[in-house]
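**Q** The following block contains the structure, expressed as structure tokens.
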Ligand code: ADE
Ligand code: ZN
């Protein structure tokens with residue numbers, strides 16, 4: 001826990017998380033438990049897989065996004081049954097409740113499971129059960145975002161998009177949005193134009209990872225070609241001042257992931273994440289944990305790390321929290337509940353934290 005006087009204030013803020021891969025909340029402990037339960041043999045030739053402790057130590061040494069993704073895809077091989085997916089998501093929602101999250105829009109990677117012979121409906125059944133429990137047990141509302149893996153052949157992505165079970169989940173509202181993730185640099189957004197056009201026609205929400213490791217042109221391409229409504233990461237936006245001004249003017253939200261950026265060597269330290277630049281330019285953003293079990297912290301850890309690096313004021317935190325609520329893909333009634341709670345928390349904490 002951070003020692004800042006702001007810690008309890010940050011915990012109590014009604015936070016929204018918009019960038020969290022459910023498969024990235026698989027802790028080494030759960031990974032080893034599920035490997036045993038499901039008789040999955042983990043790689044014998046990599047000493048990192050000797051124990052949960054050695055694996056966690058390896059997570060401190062990621063050299064790039066691809067180095068992390070290697071472990072991420074091996075990790076998810078232990079997920080087999082709907083109850084494995086439910087347990088995984090419940091582990092995330094318990095952390096979310098402790099951290100004071102009100103609403104979470106979470107990613108999942110169906111192709112990574114379908115490729116291993118696990119059906120889309122098995123994955124969806126488990127995650128949907130966890131979402132219902134999270135709302136009942138913790139009052140956390142959530143939405144699912146179906147991601148396409150950009151390192152896989154485009155025709156494979158298109159056929160998953162068109163799959164009857166996937167289409168049914170879009171039409172019945174159990175999945176409200178699509179995203180684009182995995183290895184970024186060799187796979188420009190334009191490759192996925194057909195899927196995004198189809199999603200727009202269905203009235204789905206649309207986001208894409210862009211400008212994490214890839215260039216700022218991937219951000220403009222995601223906006224112009226894919227017609228996304230949100231950009232995931234987007235930190236390389238600072239390399240294009242005109243684009244930054246446009247994104248500020250249009251009110252397009254970025255889902256920024258500070259600890260992830262450090263762990264994947266996109267920046268050297270949290271101080272280098274362009275939080276100050278975005279605040280000063282009026283760029284809307286939320287703060288997120290990305291793959292919390294791999295990057296050393298859940299959402300509140302990211303808030304605390306940002307506070308330590310930038311020493312933000314109550315007013316600045318309030319505007320970040322408000323942007324997250326207003327930029328969420330939930331009903332206006334739910335937003336109003338969170339905005340009311342935000343006002344209460346700010347009223348309570350302002351006298352204590354203002355010097
Ligand atoms: N999949 C899981 N985490 C990711 C990240 N940070 N970037 C791209 N793809 C991912
Ligand atoms: Zn991500």
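Glycine is treated like the rest: Cβ placed from N, Cα and C.
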**Q** In TrEMBL, the residues 19, 21, 209 are said to bind Zn(2+). Which of 290, 301, 336 is said to bind at that same site?
**A** 290
**Q** Can you tell me the CA-to-CA distance separating residue 209 (Zn(2+) binding site) and residue 233 (site 'Important for catalytic activity'), as a whole number of Å?
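**A** Cα-Cα, rounded: 6 Å.
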**Q** Ligand 1: which of the recorded positions 19, 21, 233, 290 have a Cβ closer than 6 angstroms to it?
**A** 21, 290
**Q** Residues near the Zn(2+) site, 19, 21, 209, 290 excluded, by Cβ within 8 Å of the Cβ center?
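**A** Same chain, not in 19, 21, 209, 290, Cβ within 8 Å: 20, 24, 107, 181, 232, 233, 255, 257, 260, 288, 291.
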**Q** Give me the CA-CA distance between residue 212 (active site, proton donor) and residue 19 (Zn(2+) binding site), in Å, as a whole number.
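**A** That comes out at 13 Å between the alpha carbons.
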**Q** What whole-number Å value do you get for the CA-CA distance of residue 21 (Zn(2+) binding site) and residue 233 (site 'Important for catalytic activity')?
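**A** Pair distance, Cα basis, whole Å: 13 Å.
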**Q** What is the Cβ neighbour count of residue 209 (Zn(2+) binding site) at a 10 Å cut-off, with all protein chains included?
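**A** Around the Cβ of residue 209 (Zn(2+) binding site), 28 other Cβ atoms lie within 10 Å.
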